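Feature annotations, courtesy of Swiss-Prot:
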| type | residues | note |
| --- | --- | --- |
| DISULFID | C91-C141 | disulfide bond |
| CARBOHYD | N109 | N-linked glycosylation site |
| SIGNAL | 1-25 | signal peptide |
Amino acid sequence: MEVSRYLCSYLISFLLFLFHSETACHPLGKRPCRMQAFRIWDVNQKTFYLRNNQLVAGYLQGPNTKLEEKIDVVPVEPHFVFLGIHGGKLCLSCVKSGDEMKLQLDAVNITDLRKNSEQDKRFTFIRSDSGPTTSFESAACPGWFLCTALEADQPVGLTNTPKAAVKVTKFYFQQDQ
(Lines of atoms letter the chains of each structure in order from A and count residues from 1; the text may use other names and numbers.)
(Lines give C-alpha, C1' and ligand atoms only; values in the text may rest on other atoms or scores of the structure.)
Protein backbone atom coordinates (compact mmCIF):
# COMPACT_ATOMS: atom_id res chain seq x y z
CA MET A 1 0.00 0.00 0.00
CA GLU A 2 2.80 2.40 0.92
CA VAL A 3 4.59 1.70 -2.39
CA SER A 4 1.49 2.47 -4.47
CA ARG A 5 0.99 5.75 -2.60
CA TYR A 6 4.63 6.65 -3.29
CA LEU A 7 4.29 5.76 -7.00
CA CYS A 8 1.08 7.76 -7.31
CA SER A 9 2.72 10.77 -5.66
CA TYR A 10 5.76 10.42 -7.93
CA LEU A 11 3.57 10.14 -11.03
CA ILE A 12 1.60 13.27 -10.10
CA SER A 13 4.82 15.22 -9.48
CA PHE A 14 6.24 14.05 -12.80
CA LEU A 15 3.08 15.05 -14.70
CA LEU A 16 3.04 18.46 -13.00
CA PHE A 17 6.66 18.95 -14.03
CA LEU A 18 5.89 18.02 -17.64
CA PHE A 19 2.79 20.18 -17.91
CA HIS A 20 3.74 23.13 -15.71
CA SER A 21 2.11 25.73 -17.98
CA GLU A 22 -1.27 24.03 -17.64
CA THR A 23 -1.01 23.72 -13.86
CA ALA A 24 0.54 27.10 -13.11
CA CYS A 25 -2.90 28.63 -12.77
CA HIS A 26 -4.00 26.85 -9.61
CA PRO A 27 -2.30 25.12 -6.73
CA LEU A 28 -2.44 21.36 -6.37
CA GLY A 29 -5.86 19.88 -5.93
CA LYS A 30 -7.70 22.25 -8.26
CA ARG A 31 -8.58 21.80 -11.89
CA PRO A 32 -5.95 23.41 -14.18
CA CYS A 33 -6.90 26.55 -16.07
CA ARG A 34 -7.13 26.88 -19.80
CA MET A 35 -6.82 29.88 -22.03
CA GLN A 36 -10.19 31.43 -22.85
CA ALA A 37 -11.04 34.03 -25.49
CA PHE A 38 -12.92 37.19 -24.53
CA ARG A 39 -14.37 40.13 -26.41
CA ILE A 40 -13.33 43.49 -25.02
CA TRP A 41 -14.61 46.98 -25.81
CA ASP A 42 -14.46 50.20 -23.85
CA VAL A 43 -17.48 52.02 -22.45
CA ASN A 44 -17.44 54.23 -25.55
CA GLN A 45 -17.90 51.10 -27.73
CA LYS A 46 -14.37 51.06 -29.20
CA THR A 47 -13.04 47.55 -29.89
CA PHE A 48 -9.43 46.39 -30.02
CA TYR A 49 -7.68 45.61 -33.29
CA LEU A 50 -4.11 45.30 -34.52
CA ARG A 51 -2.62 47.98 -36.79
CA ASN A 52 1.07 47.91 -37.73
CA ASN A 53 1.78 45.44 -34.88
CA GLN A 54 0.22 47.81 -32.35
CA LEU A 55 -2.98 47.23 -30.42
CA VAL A 56 -5.41 50.10 -31.06
CA ALA A 57 -9.03 50.82 -30.15
CA GLY A 58 -11.55 52.10 -32.64
CA TYR A 59 -15.00 51.78 -34.14
CA LEU A 60 -15.07 48.81 -36.51
CA GLN A 61 -18.01 48.57 -38.89
CA GLY A 62 -19.09 46.39 -41.81
CA PRO A 63 -16.35 44.16 -43.20
CA ASN A 64 -13.83 45.69 -40.76
CA THR A 65 -15.52 43.96 -37.80
CA LYS A 66 -13.49 40.85 -38.64
CA LEU A 67 -10.36 42.81 -37.58
CA GLU A 68 -11.50 42.76 -33.95
CA GLU A 69 -8.94 41.14 -31.68
CA LYS A 70 -10.18 38.71 -29.08
CA ILE A 71 -8.31 38.86 -25.80
CA ASP A 72 -6.86 35.53 -24.69
CA VAL A 73 -6.99 35.15 -20.92
CA VAL A 74 -5.26 32.74 -18.57
CA PRO A 75 -6.39 33.18 -14.96
CA VAL A 76 -3.52 33.09 -12.48
CA GLU A 77 -5.41 33.60 -9.23
CA PRO A 78 -8.99 34.74 -8.61
CA HIS A 79 -8.36 38.32 -9.79
CA PHE A 80 -4.98 38.03 -11.53
CA VAL A 81 -4.78 37.25 -15.26
CA PHE A 82 -2.38 37.05 -18.17
CA LEU A 83 -3.71 38.80 -21.30
CA GLY A 84 -2.76 38.05 -24.89
CA ILE A 85 -3.92 38.09 -28.50
CA HIS A 86 -3.42 35.90 -31.59
CA GLY A 87 -4.09 32.65 -29.78
CA GLY A 88 -1.97 33.71 -26.83
CA LYS A 89 1.16 34.17 -28.96
CA LEU A 90 1.41 37.93 -28.26
CA CYS A 91 1.06 38.99 -24.62
CA LEU A 92 0.30 42.38 -23.13
CA SER A 93 3.01 43.60 -20.77
CA CYS A 94 3.80 46.68 -18.73
CA VAL A 95 7.34 48.05 -19.06
CA LYS A 96 9.01 51.17 -17.73
CA SER A 97 10.03 53.72 -20.36
CA GLY A 98 11.72 56.69 -18.68
CA ASP A 99 9.30 58.00 -16.06
CA GLU A 100 6.29 56.47 -17.78
CA MET A 101 4.91 52.98 -17.97
CA LYS A 102 4.24 51.62 -21.43
CA LEU A 103 1.99 48.84 -22.68
CA GLN A 104 3.62 46.60 -25.24
CA LEU A 105 2.96 43.36 -27.06
CA ASP A 106 5.63 40.71 -26.53
CA ALA A 107 6.03 37.57 -28.61
CA VAL A 108 5.60 35.18 -25.70
CA ASN A 109 3.29 32.18 -25.47
CA ILE A 110 0.72 32.94 -22.78
CA THR A 111 0.69 29.33 -21.56
CA ASP A 112 4.45 29.48 -20.89
CA LEU A 113 4.04 32.27 -18.33
CA ARG A 114 4.21 31.32 -14.66
CA LYS A 115 2.36 33.01 -11.83
CA ASN A 116 5.23 32.96 -9.32
CA SER A 117 7.92 34.17 -11.69
CA GLU A 118 9.19 37.69 -11.01
CA GLN A 119 10.12 38.11 -14.69
CA ASP A 120 6.55 37.22 -15.72
CA LYS A 121 5.00 39.77 -13.36
CA ARG A 122 5.02 42.40 -16.13
CA PHE A 123 2.46 40.23 -17.98
CA THR A 124 0.11 40.04 -14.98
CA PHE A 125 -2.97 42.23 -14.68
CA ILE A 126 -5.38 42.58 -11.78
CA ARG A 127 -8.94 42.26 -13.03
CA SER A 128 -11.49 44.35 -11.11
CA ASP A 129 -15.17 43.99 -11.92
CA SER A 130 -17.57 46.81 -11.04
CA GLY A 131 -21.10 46.09 -12.17
CA PRO A 132 -21.07 45.44 -15.91
CA THR A 133 -17.56 46.86 -16.46
CA THR A 134 -14.04 45.63 -15.83
CA SER A 135 -10.73 47.41 -15.34
CA PHE A 136 -7.21 45.98 -15.55
CA GLU A 137 -4.39 47.23 -13.32
CA SER A 138 -0.80 46.21 -13.99
CA ALA A 139 0.58 43.98 -11.21
CA ALA A 140 4.15 45.04 -12.08
CA CYS A 141 3.27 48.75 -12.16
CA PRO A 142 0.71 49.34 -9.38
CA GLY A 143 -1.61 52.26 -10.09
CA TRP A 144 -1.26 51.92 -13.88
CA PHE A 145 -4.40 50.80 -15.71
CA LEU A 146 -5.11 49.50 -19.19
CA CYS A 147 -6.73 52.35 -21.12
CA THR A 148 -7.94 53.68 -24.44
CA ALA A 149 -7.88 57.25 -25.70
CA LEU A 150 -11.10 59.21 -26.10
CA GLU A 151 -10.36 59.47 -29.83
CA ALA A 152 -10.80 56.44 -32.08
CA ASP A 153 -7.96 54.52 -33.72
CA GLN A 154 -5.40 55.39 -31.04
CA PRO A 155 -3.06 52.89 -29.32
CA VAL A 156 -4.26 50.99 -26.27
CA GLY A 157 -2.03 52.07 -23.40
CA LEU A 158 -1.64 52.57 -19.68
CA THR A 159 -2.62 55.46 -17.44
CA ASN A 160 -1.96 56.28 -13.80
CA THR A 161 -4.95 58.65 -13.65
CA PRO A 162 -7.88 56.24 -14.08
CA LYS A 163 -10.44 58.73 -12.74
CA ALA A 164 -9.44 61.51 -15.17
CA ALA A 165 -11.75 62.05 -18.13
CA VAL A 166 -8.89 62.00 -20.67
CA LYS A 167 -8.56 58.18 -20.82
CA VAL A 168 -11.04 55.31 -20.72
CA THR A 169 -10.23 52.56 -18.19
CA LYS A 170 -13.59 50.77 -17.98
CA PHE A 171 -14.26 47.92 -20.37
CA TYR A 172 -16.98 45.48 -21.19
CA PHE A 173 -15.40 42.04 -21.04
CA GLN A 174 -17.40 39.09 -22.32
CA GLN A 175 -16.39 35.50 -22.92
CA ASP A 176 -16.39 34.78 -26.65
CA GLN A 177 -18.91 32.20 -27.79
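Each position is counted from 1, following the chain as shown.
Glycine residues also receive a Cβ, built from the backbone N, Cα and C atoms like all the rest.
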Cβ neighbour count (within 10 Å, all chains shown) around C91 (disulfide bond): 24
For N109 (N-linked glycosylation site), the three-state class that DSSP assigns: coil
For C91 (disulfide bond), the three-state class that DSSP assigns: strand
Cβ neighbour count (within 10 Å, all chains shown) around C141 (disulfide bond): 20
Neighbour count (Cβ, 10 Å) for the residue listed as 'N-linked glycosylation site': 14
Cα-to-Cα gap, C141 (disulfide bond) vs N109 (N-linked glycosylation site), nearest whole Å: 21
